[in-house]
Each structure stands twice: as structure tokens, then as C-alpha cells.
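Undergrad: Just dropping this structure here.
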Amino acid sequence: MANDLQVLNALDVAKTQLYHFTAIVIAGMGFFTDAYDLFCISMVTKLLGRIYYHHDNALKPGSLPPNVSAAVNGVAFCGTLAGQLFFGWLGDKMGRKKVYGMTLMIMVICSIASGLSFGHTPKSVMTTLCFFRFWLGFGIGGDYPLSATIMSEYANKKTRGAFIAAVFAMQGFGILAGGMVAIIVSSAFKGAFPAPAYEVDALASTVSQADFVWRIILMFGAIPAGLTYYWRMKMPETARYTALVAKNLKQAANDMSKVLQVEIEAEPEKVAAISVANGANEFGLFSKEFLRRHGLHLLGTASTWFLLDIAFYSQNLFQKDIFSAIGWIPPAQTMNALEEVYKIARAQTLIALCSTVPGYWFTVAFIDRIGRFAIQLMGFFFMTVFMFALALPYHHWTLKDNRIGFVVMYSLTFFFANFGPNATTFVVPAEIFPARLRSTCHGISAAAGKAGAMVGAFGFLYAAQPTDPKKTDAGYPAGIGVRNSLIVLGCVNFLGMLFTFLVPESKGKSLEEMSRENEGEEETVAEMRATSGRTVPV
């Protein structure tokens, strides 16, 4: 019955129109900001090391100690994981719209606060930066389940996958924007405050004004989030939440009549039937009934996202090798501080432009044609192939003549991550769970992904260190080496391919059909007809 409601049926069969694109932009700008805030920190960590951890007479510029680097880069992931669980749950309790504005305000406030991190000692600056980055991540975490759920509940059956994937694809533009802002800011300061290279004059190579550069780059993230706030507050609550969770069909019909610009009947006579029918289906997240219906689905969405993010965020393993190999980033001592920021930002922008962004939009183009399952399986398969192709002949790729091939293989690995599981793991959890648990289950799946991101970003940073303790980076213990780390990552991708078989295909089906929210409702209607002696419309 749920999917026989006129208001929900109208959403399922609605032609693509302006409100769909408006919703994509409003939800997508949140993801644009998320990606900007999460990835821009990697462009300023070298600068932070030069400013706050300079040592006189050292051969190389100052760098963040391993524990400080892990904290600065990883604390936002911890906040994101917590935010995904908390706001995912809250989105099902309070409604998507109320919580949506809350997460955005946290992001605006904490973006600004991150750039205003106070103190004069390295310890105080890093501590306050980590504090605000955690809460920034907390707000970002809420955006994952809410954006996906809102877009899935607004979309029609035919193009729902493309719409949700388009929201997620805004991440690519966020990463691109982070690089471009860093390029512009560092170029402006470099031109205004020229400085010698570190090897010429170590102290003068980092001008005092460089402290403003990282702060401006971090604070810029507040602008797109702030601009989106007004439009988020104008969006009505999704009809599926209002009708199926709040059980206010009249309000759902009124909201969607305005959005779709068609007349939709409130159908008040169906409220009683839905309330009784849903009463039989009001199982909780930790119930045997949920385990029976959706237990394997949740295991599938959480495990594939976890495994994908281990591989996706481990790119730090060989990014520095690639950038150095093709001359995008010269040795640190041959540059001044602002020049280094510029070179790192330029390299990351080129990678995003050539590999990351196209992969996202390939998914948008094909997800409703070939399906979520096929794209995810294909993505994991090619990631496995390219990881092993990088790992097994690793020495071959390190030779100077072969390094362009290494760059191509690297780019293809992450192209198929984005035209593959990096997008589908975001889309599917927003489609296959019941409305009253949809945001919660998406939050759990996304949080599993962030746990994988922490393993990938930091576990493998240690694992990839050379086996010879004398050759490790400063402050790091011996590891298993890059080659063995890549072999492990190839196995991780293969496991992702296997766990994909737990995830159902949702292409072309209504949300109620996928979540089985109308299961058993026909019997309920028949009973109501028999006991009331009147017709209950279906």
C-alpha cells in the first residue's frame, strides 16, 4: 500500500524537472563543502610543519611529527564517523529537514574556527586545530546519510541512481576547488612576499605571512556551506518521511503538490490502514525481523564501504612517489614554503581533474543503465587488477623510464574507484532500507567506510615504510614495504568484490518495493474491510 499512495506514486513516476536539479545542487553543495574540508588539510600539512616545527641547521624543512600528522589529518575522520552514526539516527527520529540545517551550521562555524586556531606554541595551535577539525568532521558526517536519504526520497524511480550519484559527484568538484583555492592563495602570497629556497636561507624561506595562508584555505570552506543554508531551510520535508514515518499524509500531499506543481489528493482515508499495517512492520534495528529482512543487506553495504575506503584512502602510499617521479614536486629543500604549497596543490588538482572527477560522472551517466551491482563489481574488479599490476612488478615501475606507466596505472585505479564502488556504496544504502531506518542504516554503512578510511590513511602509512629501519621516514618504525602493502590492498579489493554479492540491485524499483515496507499490508486492508464493513481504497 505504501507505494500505492498517490503522493509517493507521483514522486516515483515524476518527469525530471527543475526541483530535481535544485535538490541536487542544494544537497550537492554540502558534499562539495565536505570534500573541500576533508581534503584541503593535505595541502597545508607541509606548510604547518615548516612554520611550527622548524629546526635550525636541519638539512630539510620542518615537518609534522608522525603522531601530530596523524592527528591533524585523521581527527576529522573520527568526527565524521561519529557524526554519521549520530545524525543518521537523528534524521530518522526528528526528520531529515530539521537535522539538515543543523549539520550545515556546524560545518560553517567549525570551518571558520579551524582557521582561527589560537596559541603561540606548536602544541597549542595543533591542539585547537584538531579540536575544531573533529567537530567539523562531526558536521560533515551528518551530511552523508541526510543528503543521500533526501535525494533518494525526492527522486523518481527511473533516474534515482543518477540523482544520488550526482550529489556524491560534487565531492570531485570540492576536491578540485580545494586545489584551486590553495593555488590562488599561495600564488598571491608568493608574489607579494618573495622568499629564497630553504637550501639558500632556511629561516627566510618561510615568511611570517605564510601563517595566514593555511588559515585562509581552511576558512574558505565556510563560504559554500553558508550560501546553501537558506535554500536547505526552504526545502520541505521529504514526502516519504512525512507520510510513512510521521504519518501525516495531508502535509506530504501539500508539500509535494507545491514541489511537483500538480494536484495531489491527501487521501486521509488511508491513514488508518497505513497505521495498522505499519504497526505490524514497526520492527527495530536490533530486532530479529530486521535481521531476517535486511541483516545481510546491511552487512553488504557496510563491509563493501569499509573495504573500498581502505583502498581509496591509502593513495597517500604512492602519491608522493608519483608527484616526485614526474617532477611535479621537487625536493622540499629546493623550494620556499609558499612555493611548496603551490606545487602540492597543483599536483592534486591535476589528479582530480584527470582521474577523480571523470570517474564520478561516468557513474552518474551509467548507473541507471547498467545498474548499481554491475558498476560496483566492475569497479572492485579493475581496482584489484590494477593494484596487483602495480604491486607484482613494483621494481619495474620505480625505474625512471617506466614511471609514466606507473602514473597511468595509478590514475586508472582511482578512476575505477569513482566509476565503481566509491559512488555505489553511497547510493545503495539510501535505497534498500525502510524509511524509518533509512538514514540510520546509511549512517552505519558510511561510518564503516570512515573506519576503513582511517585504516587506509594511517595503518598503511606505517605499513608501507621500508623493512629496513634505517630507510624509514623520520619517526616511523619499519613496515612491510610499498610492494607488500599494494598486494594487501589488492586482496582487500578482491574481498570487496565478494561482499558485493550481498547487496541487492535496486535499479528501476521503488523505495517501498526495495525495503518491503508494503509487505503484509494487503492482508491488513482485507481485515479492515471485513471488520469495518466499508471499502478501504487501495
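For all residues, glycine too, the Cβ spot is worked out from N, Cα and C.
Pulled from TrEMBL, these are the listed features:
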type     : residues : note
TRANSMEM : 21-48    : transmembrane segment
DOMAIN   : 23-508   : domain 'Major facilitator superfamily (MFS) profile'
TRANSMEM : 68-87    : transmembrane segment
TRANSMEM : 99-118   : transmembrane segment
TRANSMEM : 162-189  : transmembrane segment
TRANSMEM : 212-231  : transmembrane segment
TRANSMEM : 350-367  : transmembrane segment
TRANSMEM : 373-392  : transmembrane segment
TRANSMEM : 404-423  : transmembrane segment
TRANSMEM : 443-464  : transmembrane segment
TRANSMEM : 485-504  : transmembrane segment
REGION   : 510-538  : region 'Disordered'
Undergrad: Do at least three C-beta pairs under 8 angstroms join the transmembrane segment (212-231) to the transmembrane segment (99-118), pairs 6 or more apart in sequence?
TA: yes
Undergrad: Using a Cβ-Cβ cut-off of under 8 Å, list the residues of the same chain that are 6+ residues beyond the ends of the transmembrane segment (373-392) and lie near it.
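TA: Contacts with the transmembrane segment (373-392): 304, 308, 311, 318, 363, 366-367, 406, 409-410, 412-413, 416-417, 419-425, 428, 483-484, 486-487, 489-490, 493-494, 496-497, 500, 503-505.
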Undergrad: Within the domain 'Major facilitator superfamily (MFS) profile' (23-508) only, compute the mean pLDDT.
TA: 87
Undergrad: So what's near the transmembrane segment (99-118) in sequence-distant terms, Cβ-Cβ under 8 Å and 6+ beyond its ends?
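TA: For the transmembrane segment (99-118), the sequence-distant neighbours (Cβ-Cβ under 8 Å, at least 6 residues beyond its ends) are 30, 33-34, 37, 83, 87, 90-91, 124-126, 128-129, 132-133, 135-136, 138-143, 146, 150, 214-222, 225-226, 228-229, 232-233, 235.
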Undergrad: List, by number or range, the same-chain residues at least 6 past the transmembrane segment (485-504) whose CB is under 8 A from its CB atoms?
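TA: For the transmembrane segment (485-504), the sequence-distant neighbours (Cβ-Cβ under 8 Å, at least 6 residues beyond its ends) are 296-297, 299-301, 303-304, 307-308, 310-311, 314, 317-318, 372-373, 376-377, 380-381, 383-384, 387-388, 390-392, 394, 421, 428, 432, 460, 463-464, 479, 514.
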